[in-house]
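If you check TrEMBL, you get these features:
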REGION    1-22  region 'Disordered'
COMPBIAS  12-22  compositional bias 'Basic and acidic residues'
TRANSMEM  71-89  transmembrane segment
TRANSMEM  101-121  transmembrane segment
TRANSMEM  146-167  transmembrane segment
TRANSMEM  187-210  transmembrane segment
TRANSMEM  240-258  transmembrane segment
DOMAIN    275-328  domain 'Potassium channel'
TRANSMEM  278-299  transmembrane segment
TRANSMEM  306-327  transmembrane segment
Amino acid sequence: MKGRKHSQSGKVSERSSRRQLENEQLVNKPDFLKAATLGQIFVVCTQQLGGLEDGKITKLQFRKFLMTEQICFVFNLMGLGLSVMQYDLEFEEENEDISNWLLWIIFISTLALLVLTVLRYQQHMNWLKSRKQISQNDKIWQTEQWYPLLIELIIYCVVPYPFTIGMRVYFYNSFQDATAYYHVNEILALFMITRTVFIFRTILAQTFWYSNRTQRVCNLYACEGNYMFVAKSLMRTSPYISQFIALVSLIGIFGYGVRICENPLARNDPANNNLGRYANALWNIIITITTVGYGDFYTRTDLGRFVIFVVCILGIFVISVMVVTLINSLVISTLESHAITVLERIQLRSNLTKSASQVVLYSLKIHVALKKGNLSKVQLKLLLIKLRKNLNDFKISRRKYRNKQDVGNMNEEITNQFSLLKSDFSEVIEKQKGLLLQNQDIMNKLGVEAKPYISSP
């Protein structure tokens with residue numbers, strides 16, 4: 001009997017110890033139960049799923065990426081500026097020593113820019129790794145970054161070289177019925193204009209809409225915080241300034257391109273080289289990009305026509321965006337619509353009062369004149385015509401006023417419906433507060449210390 005009692009007591013103690021261990025595991029195993037608020041529970045759960053990004057490391061990596069982007073911007077802009085200076089020197093075929101030195105500086109800066117571009121993409125990958133968007137072991141060629149990197153490197157390689165100085169490409173121009181020629185470096189300087197795309201990219205990266213915080217918000221709403229997102233944000237927040245900058249930039253860039261294309265004709269006939277002057281080239285781009293096309297200046301080379309073709313397509317896009325922006329700015333908001341409705345009702349009420357007063361006035365005139373008997377048939381007929389006209393005006397004004405009252409009542413009904421929805425949402429919020437309090441009670445029963453729920457005022 002004693003042995004049985006000892007065995008039963010041992011089993012009971014083992015069961016109690018097992019239950020105690022299970023309770024401790026129940027309390028300690030799910031880490032999110034230790035959190036006092038829903039925000040802390042979310043943080044713990046996301047850390048278990050894959051970890052939240054470390055804010056300090058991510059900010060540091062993003063600042064390094066922006067610094068590399070700015071250095072690339074400086075070298076890119078320097079190469080474009082030197083190319084503009086070198087073009088005039090080589091076209092005039094004067095100061096060959098200075099032109100050659102500028103070509104070597106452009107060449108060396110391009111080599112440095114190629115290295116910096118690779119570092120930029122590497123730093124961009126480090127930033128993505130800190131945000132846990134790609135694996136820590138991924139390389140550039142293992143991701144989708146290699147394709148834009150290759151394209152950017154190829155575009156940067158299109159520059160005037162010191163090795164091609166003096167080389168010419170001859171072509172026949174039907175307008176002059178003569179042979180003209182480009183320098184090879186002139187053609188390379190023309191296609192070097194495509195570098196300006198990366199200048200605009202750097203400018204977009206410096207705005208508020210392309211930041212570490214922006215990327216986190218975009219991830220929350222499952223959208224990409226890329227450069228197109230930045231452009232859309234700028235078009236929404238400051239549409240007129242953005243479009244003005246884009247329009248002026250396009251006019252300046254393509255005007256320079258048209259000048260390069262048309263300037264070789266000046267070697268044969270300087271008097272008829274209209275677009276060889278930068279001012280005329282700018283005017284040609286303005287009338288083309290706005291889809292006007294006076295025809296006073298036009299391109300006469302194949303390269304110039306290709307540039308104008310690109311300008312025509314961009315002009316359609318720019319003008320369409322401007323029209324849409326103007327229409328959106330003229331759309332009446334809900335509050336403005338309410339204000340306009342009230343003002344229209346006030347105006348209609350005043351018109352109704354005026355027409356009613358005119359009806360009463362002519363009625364009294366006819367009544368008094370008939371009493372005195374000093375009215376002729378013609379005068380009476382004229383007074384009756386005026387009375388009928390004012391009666392018609394009174395009926396029209398009353399009808400318009402009633403219709404406008406119906407519209408106002410409809411708007412008030414919609415406002416009342418929104419107020420009812422607001423009350424329904426407040427009831428839902430109260431229910432959520434009750435659920436949070438129940439959750440707090442459950443956590444207290446499980447033995448987890450939780451902060452008391454404090455309702456917002």
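Positions of Cβ are set from backbone N, Cα and C atoms, glycine also.
Note: TrEMBL annotation is automatic and uncurated.
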Spatial neighbours of the transmembrane segment (71-89) far in sequence, C-beta under 8 Å, 6+ residues away: 95-96, 98-99, 102-103, 105-106, 109-110, 112-113, 116-117, 120, 156, 159-160, 185-186, 189, 192, 195-196, 198-199, 202, 256, 260
Contacting positions for the transmembrane segment (306-327) when only residues 6+ beyond its ends and CB under 8 Å are counted: 235, 239-240, 243, 246-247, 250, 254, 257-258, 261, 284-285, 288-291, 299
Positions on the same chain near the transmembrane segment (278-299), where near means CB under 8 A and six or more residues out: 247, 250-252, 254-256, 258-259, 261-262, 305, 307-308, 311-312, 314-316, 318-319
Remote residues contacting the transmembrane segment (146-167) - C-beta distance under 8 A, at least 6 residues beyond either end: 76, 79, 83, 86-87, 90, 96, 99-100, 103-104, 106-107, 110, 113-114, 117-118, 121, 140, 183-186, 188-189, 191-192, 194-195, 197-198
Remote residues contacting the transmembrane segment (240-258) - C-beta distance under 8 A, at least 6 residues beyond either end: 84, 190, 193, 196, 200, 231, 234, 275, 278, 281-282, 284-286, 289, 299, 304, 307-308, 310-311, 314, 318, 321-322, 325
Integer average pLDDT (0 to 100) for the domain 'Potassium channel' (275-328): 89
